[in-house]
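What Swiss-Prot annotates here:
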- HIS2: Ni(2+) binding site (BINDING)
- CYS74, CYS77, CYS91, CYS94: Zn(2+) binding site (BINDING)
Amino acid sequence: MHEMSVALAVIDQVEQAAQQAGDVTAVRSVRLQVGELAGVVPDSLSFCFELACAGTVLEGADLVTEEVPGRARCAPCAREWSVGMPPRLSCPECGGARVDLLSGRELQIVSVHWEDGRTHAQTREPISEER
């Protein structure tokens, strides 16, 4: 299950950040951007996250996922569109196949909420191998 490896990577990054902060006793929530084209099922990720958090500083933490829609731009005519699922990667205007993906592959931690109430923005690179 791909989502389990993603959940473990998120937990590892948050645990490292918590260790660097020094005084964190519990993590309350993790906010994660998940692109529509990232190949991750948010419900499966939440399930895996809950299981993998057991016995860590993240035990009981909420995983809040924000879906980022897939968008593309046609190189020849500059038309932008939502690619949807399954992705439509040919231009609806001119039929061109030279497109740039503008969004939808994101898989990154946006913020972490510690028990002390402070919110810390992500300072690390996205965990996704799909850039």
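Including glycine, each Cβ sits where the backbone N, Cα and C put it.
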Residues sitting within 8 A of the centre of the CYS74, CYS77, CYS91, CYS94 CB atoms (Zn(2+) site), not counting those, run ALA75, PRO76, ALA78, ARG79, PRO92, GLU93, GLY95, GLY96
What is the interatomic distance between the Cα atoms of the residue listed as 'Ni(2+) binding site' and CYS94 (Zn(2+) binding site), given in whole Å?
36
All-chain count of other Cβ atoms within 10 Å of CYS77 (Zn(2+) binding site):
12
In three-state DSSP terms, the structure that CYS94 (Zn(2+) binding site) belongs to
coil
Output, ordered by sequence, the same-chain residues six or more apart from CYS74 (Zn(2+) binding site) with a CB under 8 Å from its CB, or 'none'.
GLU80, CYS91, GLU93, CYS94, GLY96, ARG98, VAL99
